[in-house]
Every structure is written in C-alpha cells, then in structure tokens.
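*Asks:* Handing you a structure now.
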Amino acid sequence: MSSQVSWWVFGVMSVVLILNLEFSVVEGGASEETKIHIVYLGEREHNDPELVTASHLRMLESLLGSQKDANEFMVHSYRHGFSGFAAHLTDSQAKKISEHPDVVQVTPNSFYEPQTTRAFEYLGLSQSSPKGLLHDANMGEDVIIGILDSGVWPESPSFSDKGLGPIPKRWKGTCVDGEKFDSKKHCNKKLIGARYYMDSLFKNNRTDSGIPDTEYMSAREVFAHGSHVASTAAGAFVPDVSDNGLGVGTARGGAPKARIAMYKVCWQTQDGSCATADILKAMDDAIADGVDVISISLGSAIPISREIDISNVFSYGAFHAVSKGITVLMAGGNFGPDAYTVQNIAPWIITVAATSLDRWFPKPLTLGNNVTLLARTPSVDPELQAELIYVDSSKEMTSEAAGKIVLGFTTAENGESATDFLNKQMEVQAAGVILAGRRSDKMIVSEGLINLNIDYQQGTTILNYIKSTNKPTITVSPSIALTGPLVATKVAEFSGRGPNSVSPYVLKPDIAAPGVSIVAACTPEKMSYENGYTAMSGTSMAAPAVAGLVALLKAVHPDWSPAMLKSAIITTASSTDPYGEPIYSEGLSRKLADPFDFGGGLVNPEKAANPGLVYDADVQDYIRFLCASSYDEMSITKISKQTVKCPSPRPSMLDLNLPSITIPFLKEDVTLTRTVTNVGPVNSVYKLIVQPPMGVKISVTPETLVFNSGVKKLSYQVTVSTTHKANSIYFFGSLTWTDGIHNVVIPLSIRTQMVKYFDQ
C-alpha cells in the first residue's frame, strides 16, 4: 500500500518555484547570472503592436549594448493590452533599467498556483425552464471566455461544438499547434482558441526545465485543472456523468454555448508552475484576441503588495483588461478560514469565494449495536465489514490495527497531524481509519486506505461503544446521496476570507458561488469511472462558475461595463441559500456567514439579470482611487498613459463607487458618496432601507431616489458615526434601495478604531 498522503482540497495544486534558465553575462569583469525580470511600462504609446515591440527592443538594446543580445534575451513583448516586456537581466541591469523615465516598475519573474453537477440548478439556472436568463442569453452563445490555466483536454464531450453557430467575426485569436494538439482537429466552434506559454520557464529543452515526459508541449493538459475550470465556465451539456457513480446527472457550464479560449500558463514541474511573465503575456494576448470575459483560477501568497505593483501581475493586467471593457474574475484563494487570507483583491477584479452545494455524499457507519452514523470521506469504496479498534494517536503504532478499522482523535494537544496518523495506520496495514476531529472541508485522501471523517461527538459515541464490548465491529456502507434543504450551505473552510490585506476600504471577496465537489471534465489520468468527469473543490471551481454567469449577463446586456456587471451580481446576491436557510461559514467554529466570508452573498443569476440599479465605475474612477491610495502622479500617468493631476487634498478611498461600504478606521463622523444608474423601468422611485451595524449610526441623504427619462443617474451621501467608546471588531449591516420589485443591497462592514492601527 502507498504511504503517500495528500491534502484533499481539489483545485489546489502546489507550486514549486523552479529556477529559470540562466545566462551568464560579464559586467565590469565579474560574471553575474541573469534571471527573468518583467519590465512594466503602463499603457501602450502606439496602436501598432509591431511598433510597441520595436520600442521594447530599442530599450533593451540601449541597456545591453547590442541588437543581437536584445533579441536573444527578450522573452515576451507585451504589446496589445498594455506595454512592457520580460527579459533575462542581471540584478544590476534590472536596477539600471528601472531608472528609465518610461519604466513604471521592474520585478523578478515569480510563480502562481491554481486554486480548485448540480451547481447551476442549485443557483436557479434550470435548462428545463422555458424562460429566464439561460433562455434570454441563448446560453451565452457568441460570448468568448478566456481561461488562463493548465491547458485543456480537447476530446472531452464538454468541448463539443454541436449546435453552435459560426465563430464570432470579432474573434482575432488562434489555435497554436503543438505536441499532440492539432489545431485543425482539436479546435472547433466551442474551443476557438488555444495558446501555450513556456518561454519564461525554459529555452532549450524539456529536461533542462524539469518538465516530465508526461507533460505536453502544447495547449493539451496533463492536470485536470484547466479542463475542469473551462467546462465549469462554458462546458456543453453532457448527460449521465458522475464522480465514481455519485452525483449522476447532466454536466454543463454556466454558459453552455459560450466560446472558450484556453491560455495554458501552468506546467507540470513536479507540482506545477505558472510563471508571472507567461501569465502577463497570456493576458496581453487575450485582450488582443477579443475575449469578453477572463477567468483566472490562480493565486500565490496572501497579498501584501498594492494593487498596481509589478509583483502582482493580475492586478495591473486586469486593470488594462477592464479599461478595455473585459470583465476579469479570479479565485479568492484557498488559504481560509483565517482573516486576511483572500487573494486577488484589486477593486476592478471580481473576486470569488467558494460555498458548498445542497448535496452531500456521506458514508453510513453501522456499529455492532445497530447505531448508524454518517461520515464524510474523500473516496468512494465498496461495503466493508471489519473489527473496530481505538488507537491513541499520541502513542506508538500497534500491530493490533492490522486488518481493522481504526478510530483516532485529532487534537491540537497531542501534536500529531492527521497525515502522520494515517501514515502510521497504513504502515501496519489497517483496513481503514475513522478520524474524529473538528469539521473541515480539508479532508485527506489516502491511497489504499479507507479514510472516514467524523466530529468529536460522533467519535465519542464510537469510543463508548468500543469500550462496551469485547469484540466491537463496524459496517461501512457505500456512499449515499443527500440533496435538498436538509443539507446546509456553507462557505468552505478553505475559501479565502476578508478583510482586504492591502486596501481595507475595498471589500473582498465580492461574491460566492458553489466550489465544493463540483463535477466537471478532466483528463484521462484523472478520469473517474464515468467518462472522464470528476469532482473537485476549491475557489478555482467557484470563479469559472461566476464567469459563466457573467457571460450570460454580457449576452443579455452587451453594453454594460465590467463594473455594472459586477454590481449586478453583488447587489442581487443572497445571504440565505435557495431554500431561505442561513448560509454558514465553516472554520474553527461554525458561524453565520458575513461579508468577509462571501462578499455580497451567494450569487443569484436570475436576479442579477434585472438588478434595477447598478453602481458603475470606469477608468477615471480607478485613477481617482489610485490618487486616494497615495500613488504618485507620475506612476499613475505611466500606467494609464493619461496626464494625471491628483486633486489636493487627495480624494477619499471611501468614495470609489463600489457596491459596498467598508470603513476600517471609524472614529469621527465620515461622509461618503455613491452614485447609482437606473437600468430598470424608466420611471422608478426607490426608497431607502438601512440595517446599521451594531453600535453604528447611518444617515442617508436623500432617502428617496426618483428616476425618469431625463434622470438616469443619481448620487446619495452616507454619513456614518459610531457609538462605541473603544476599538471594536468589524460589525456588519446593509443598505438597500427598493422600488417594491428590485432590492438593490450593498453590504456594510464597519470597525471603530479610537486608536488607529492598534489591535487590542
């Protein structure tokens, strides 16, 4: 039996920071090694991409001293959505070029990692309904979703183009041939684009880069991650699929007729590497190719760099995409449930948290005294009858466990991890393990060993039974399916939580969607028993689900800006599940979910299509936000290629027109402004409803908004004051505008700080 045990949070692939191919250059008589650096130049100065690349080569030539070296050391030229390049530079060369007046920032190449069927029916998007968003949007046909991930398995039925019309004429992208990927054979009217990026990982050959023989030098993938993500966003209808016989149904994406463009940026280098230089090039190409939506299920560490920072390629790559009308969605990361763990936190990005579904596949455990309990498990196994034994996890292994099912308790006090305990039982060839501990979405998958997870109370029930008889036995039955209102919806334990670690005035995450046990397409190496489909969990699965929904909204409202689409999703989201039950937050202890768990709440597609009012924002709003964030005017000018003069005094970060209000440092009264745009009936009257956070007073002027043919936008002011006398925790509330049909809700997150930056 294998002794290998790995954490079971599907959709999360660890990253190994592999060494870049290095050159040696001689400077001042000393040899200095190079590594890839990204030189970011902001918005393009030329519309002609060839002129942009030529300017990059001239800049590099002036640094290196020869045209030959400039061509050899250049890795990528970013020339479509923005301007910049990646090149092999020494640290001293990087420092020198960073002093060039046209350069915004220079940073070394780094690496990100991927974050990982009933989901859409659960959200109310039923194929059988003759009306509604799916019907109105024609299932997203002609909307193009760009996926940055680990590639695609094109033979999957999810990428069939049956029933699709011609590829949209505005599409400018391509399918690139490569190893076992023939563009004429593998691309079609569904999978309309397929590119791959590896120049920043290696230049010579597979061996030098650490790429194994099982990887494909093409857009074809080995991981199941990219195919799973793409099919979750826009997979075609595929009947009778399941994960090892569980969850049988029709698999499909959020926008089943949307087109997919895959940009392979992640590679199988031991555990997977996604290089920032390649990611940025893929985003640049996606902008030029003509995608409408970009979905990225990648992340790295908890962010500490500001929004426009070269070390945070997603933020400024997304800035340029959004400025060109492309909506960017990203996974909120899998480092929860602690505070400040949410990733991808720029205000122009839609950041997605993960929830469970109204579906659970427990295993019944029947003790010898006929008491039956339900256990969680990451695996599907046949029925097993065996003797039952309790093993103190703090003591040495015992051979008595061989062939038996072992009960163990995981506690912080005994200092032993669940992984260590499982490994010990595999060594003595136990038949299975029942681990009693706190509830967690982070179950462990162990090859060759049945692994069952229960809570402490269930554990003590089993322990008391073991102590009551000389020969305790247990029957582990096959998994059963429970669906519907009896299964509570939870924000997954792994899902990244707010508040925002960089800009605390910006609420993150923005929205939540199903991301636990999502059944979608995979590769042959990851195939279940049911035609190449498997269940994965992670914010990686939640983000493309929302990307598919955005594609539907884009089809119905093609003139809406990314901010309007984002607002529609957030202001119509629900704090309860589809059955009206509360949504919980899974963690060290279970609690009611709040905006730091799920942003506006659980996405509600049908309501998002008709939100009534939206909070719009454009590039100028984001420039004012950067001014408020104390960026210098020269940097903002370079980023936007607009001459920026920040007002004096600088604007308030609270005035960015977000569909939320977050105040992290409330002491004196503050007043902020929001502007809403009417996208509902022309003649509408909206009344105010406020649920203030505990100990906080909210005053709004005016309290009524009247729209007509001549008035489509209105602003209102919100004055916030505190009654707390000392530093408080965050308290939450909501502000709603209602016309009796539409309820336009924004979350409030407010913390009193009598002593700023003092966490007592």
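Please read every residue number as a count from 1 along the shown chain.
Even glycines carry a Cβ here, placed using N, Cα and C.
Copied straight from TrEMBL:
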type	residues	note
ACT_SITE	Asp149	active site, charge relay system
ACT_SITE	His225	active site, charge relay system
ACT_SITE	Ser540	active site, charge relay system
DOMAIN	37-113	domain 'Inhibitor I9'
DOMAIN	140-575	domain 'Peptidase S8/S53'
DOMAIN	655-750	domain 'Subtilisin-like protease fibronectin type-III'
TRANSMEM	7-26	transmembrane segment
*Asks:* Rounded to the nearest Å, what's the C-alpha distance separating Ser540 (active site, charge relay system) and His225 (active site, charge relay system)? Just drop the number here, would you?
*Replies:* 8
*Asks:* According to DSSP, which of helix, strand or coil covers His225 (active site, charge relay system)?
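*Replies:* Once the DSSP labels are grouped into three classes, His225 (active site, charge relay system) ends up as helix.
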*Asks:* Per DSSP, what is the residue count of the domain 'Subtilisin-like protease fibronectin type-III' (655-750) in each of helix, strand and coil?
*Replies:* 1 helix, 62 strand, 33 coil
*Asks:* Taking DSSP states H, G and I as helix and E and B as strand, how many residues of the domain 'Inhibitor I9' (37-113) are helix, strand and coil?
*Replies:* 31 helix, 25 strand, 21 coil
*Asks:* Among all protein chains shown, how many Cβ atoms are found within 10 Å of the Cβ of His225 (active site, charge relay system), not counting that one?
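*Replies:* Excluding its own Cβ, the number within 10 Å is 31.
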*Asks:* If you measure His225 (active site, charge relay system) to Asp149 (active site, charge relay system) at Cα, how many Å is it?
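*Replies:* Cα of His225 (active site, charge relay system) to Cα of Asp149 (active site, charge relay system) measures 7 Å after rounding.
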*Asks:* Measure the Cβ-based neighbour count of Asp149 (active site, charge relay system), defined as the other Cβ atoms within 10 Å of its Cβ.
*Replies:* 27
*Asks:* Given the model, what does the mean pLDDT over the domain 'Peptidase S8/S53' (140-575) come out as?
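*Replies:* That region's mean pLDDT is 85.
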